[in-house]
């Protein structure tokens, strides 16, 4: 071997290693059968639009001969249970479950366990039964990011009046995001820098309910609030609608947010909302695929995939929490880079005239 | 048989007090219970938090009632003919989606987009009713099935982003604009004069027909309407003004009240619900009356959805037509005094009913009482209102 070819070979190896992801689950063509991805509903658009296709793509990468079936529980836990039973009867090798109702999934968990079908809970908590793995973005992390975002905007205040919108009473996301927010906000509240003048839970995270709650907060305070901390984008959008109808849009800060909704990204570009928490769905789908492959191979997942524990009320389950990113006006492009939305999706309506959109008009 | 006719009967001596009270409540006094309820609700919440009775909150209350109210208004003719439409909430969501997409993607004018949405509502109402009258399937089941199909249609129509953002478009005027103070007072004067003229002509007609009539039947109601309107408009003008959305709700009510009381169609509408076989024997096509009621209902549901989208500045599967909107709309119509058993009620019941139940949710949100209280109250109000309606219906039947 000449020195040249040796050098080339070395360079090739090095570049391969640099290009390779930190965790490389090799493609395993020996795995066969069908894996079911059970989506919760059609109303939370991301599951059908993003998570489903991303998971199919990831499985193709790691286990090309495994077939992936997507089924949708249509917001109905009973329907989802019937689908799970059908999947188990149909010889499912593994089930990835996003529960239609996280607190009503235990019968599915026990059915899968009895049939020895590995079950990975995906994003929604599935409580009260045995689980093989849990993977999700970690609502706690999202809540902490929201809290940090709020603290950055409010830390030099003095009894600044703030309204807080929590999620749907009692669901896992609501509890964990609130806990994350509290960690960041409590010191400010104790120091008297901010004062929570209104706080309420938003039934089913419904934006119309959030709108009415903020309208009532403006009534209660006679319009004197400086900021709203919202737990997701839908409720933030409802809060903005309340502000717009009272001529307060842009005057009252909207902080927090989560999901990187297109409407919210447009509002961020227009200066109507401060930021949002981005969940890069492809990362989560990739994690789920790695966990499925490990379960099918009956091996432990490679190092680093499992990075925590999730307590679903029945057992402490090995969990893979994916990272979240705080998006504001300066890094809306990260959403595009993550493949969640394109600049064309975002730059519609009044947002098209913002400098950020003008810079990407040709994208 | 309409409520007025029922009240004319006097059962021979048995329970005269009850029947007399029932007669009054079915006639001139029919808005007394709901008005009393609204006053009590307002007093209760105002005692808890004085901010409840401020111009700002009155403005909120008006805007918050409009969407539920428009859906309830559409339900009134359907309830009058003794039917029900469970698809109104889903319809409102699809119409909002159609209008939003036409506005943003097809870039048609705002009026055309609204007209298309409302027309769609009317068409679906027609098809549902044609099916119901043709097959004889209970309306409850057909419209419920259609509401699922409509929810599917909405998911199909929404863009890949799952949302339509209406911020900065012309349509936000519907729910986001207010009348100038001068114009609102001019409208008050016009409304009071029109009302007085209306009562006067009714008085003259009665007198010429040799019926018992007094000038008091003109002066007293006119005075009450004048004071009521002046208080409401004055309060609203202390905040942002009279919301355009309120006019978009009240003007159709007046039109429907007129149709109900002064046209043949209105007469048939009430009669169809009261006694369909008698109406059919009189040579009236009952099916056509029922179909017309569903068409009106579909159009108002669609319009309500469009106003709702204008208020929320957007449309999504999560926000539109979801949650308790359907039950709220039915509750509003029934709380306001329109019977589930047909033949009894008025378009005004949509206004009073929507105002009553929105006053409750508005107050619960103001006090921050939480989801449990909200759900429990909504459920109990529905049970209470429908029970009162059922008992009233029983008395009306006994009186017959």
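Heads up, the Cβ atoms here are built off N, Cα and C, so glycines get one too.
Annotation source TrEMBL lists transmembrane segment at B:29-47, B:59-80, B:86-104, B:111-133, B:139-159, B:171-198, B:218-237, B:244-271, B:291-313, B:325-342, B:348-369.
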Intrachain residues whose Cβ lies under 8 Å of the transmembrane segment (B:291-313), provided they are six or more past its termini:
63, 66-71, 73-75, 77-78, 80-81, 83, 85, 87-89, 91-96, 99-100, 114, 117-126, 128-130, 132-133, 164-167, 171-176, 245, 248, 252, 256, 265, 269, 319-321
For the transmembrane segment (B:244-271), what are the same-chain contacts with Cβ under 8 Å, counting residues 6+ beyond its ends?
1-2, 62-63, 65-66, 69-70, 73, 76-77, 80-81, 173-175, 177-179, 278-279, 284, 289, 292-293, 296, 300, 303, 307, 310-311, 343, 346-348, 350-351
Establish whether the number of Cβ pairs under 8 Å between the transmembrane segment (B:325-342) and the transmembrane segment (B:111-133) reaches at least three, counting only pairs separated by 6 or more residues.
no
Any contact, the transmembrane segment (B:139-159) to the transmembrane segment (B:171-198), with at least 3 Cβ pairs under 8 A:
no
For the transmembrane segment (B:348-369) and the transmembrane segment (B:111-133), does the number of C-beta pairs under 8 Å, pairs 6 or more apart in sequence, reach 3 or more?
no
Long-range environment of the transmembrane segment (B:111-133) - Cβ separation under 8 angstroms, sequence gap at least 6:
83, 85, 87, 91, 94-96, 98-100, 102-103, 139, 142-143, 146, 150, 171, 174, 287, 290-291, 293-303, 305-306
Chain residues outside the transmembrane segment (B:86-104) and at least six past its termini with a C-beta under 8 angstroms from it:
67, 71, 74-75, 110, 112-114, 116-118, 120-121, 124-125, 128, 140, 143-144, 146-148, 150-151, 153-154, 157-159, 164-166, 169-171, 297-298, 301-306, 308-309, 314-315, 317, 320-322, 325-326, 329
Who are the long-range neighbours of the transmembrane segment (B:59-80) in its own chain, taking Cβ under 8 Å and residues 6 or more past its ends?
88-89, 92, 139, 175, 236, 239-240, 243, 245-246, 248-249, 252-253, 256, 260, 269-270, 272-273, 292-294, 296-301, 303-305, 307-308, 311, 325-326, 328-330, 332-334, 336, 338-340, 342-347, 349-351, 353-355, 357-359, 361-362
